[in-house]
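Q: Here's a structure for you.
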Amino acid sequence: MASHKWLLQIVFLKTITIAYCLHLQDDTPLFFGAKPLSDVSLIITEPCVSSVYEAWDYAAPPVSNLSEALSGIVVKTKCPVPEVILWFKDKQMAYWTNPYVTLKGLAQSVGEEHKSGDIRDALLDALSGVWVDSTPSSTNIPENGCVWGADRLFQRVCQ
């Protein structure tokens, strides 16, 4: 199981991200923000979004086809709210996304693929493990109020 957690921390290669397009709900906001980074390894050293939220530049990637321009996906599980970052090598930009929508979409995409393989199976096991102990929840922006561990991420003040 430790290898699965490590797998979620690495950058998923372009071949995986192109093969498994993300299924997204049309009315759910996907992108939280963007930051120019010269190398993908710098994503791991960035502090969690909730600790530096106001210092970022927010925008969706200015690309027409995400799956063709996308170089990789980074999942940071050490943050209070897991972070999913899309990396665009050509633009040297990292885009932070709604982790619940992105992970759920990636798991659905990988699950619908009928091919088998070691990488696919390990990825599917790791992604499905995220949802094992979770209760069903909405992927919409939370209502006003306190969100534990993410008060600054959702611009809430926990009292």
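Cβ atoms are placed via backbone N, Cα and C, with glycine included.
Fair warning: this is a prediction, and the values are worked out from it, not measured in the lab.
Quick paste from Swiss-Prot:
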DISULFID  Cys48-Cys79  disulfide bond
DISULFID  Cys146-Cys158  disulfide bond
DOMAIN    27-159  domain 'gL alphaherpesvirus-type'
REGION    23-148  region 'Interaction with gH'
SIGNAL    1-21  signal peptide
Q: What are the non-local neighbours of Cys48 (disulfide bond), defined as same-chain residues 6+ apart in sequence with CB under 8 A from its CB?
A: Lys76, Lys78, Cys79, Pro80, Val81, Glu83
Q: Around Cys79 (disulfide bond), how many other C-beta atoms are within 10 angstroms of its C-beta?
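A: Step by step: centre on the Cβ of Cys79 (disulfide bond), count other Cβ atoms within 10 Å, giving 17.
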Q: Over the domain 'gL alphaherpesvirus-type' (27-159), what does the predicted model average in pLDDT?
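A: In the predicted model, the domain 'gL alphaherpesvirus-type' (27-159) has a mean pLDDT of 67.
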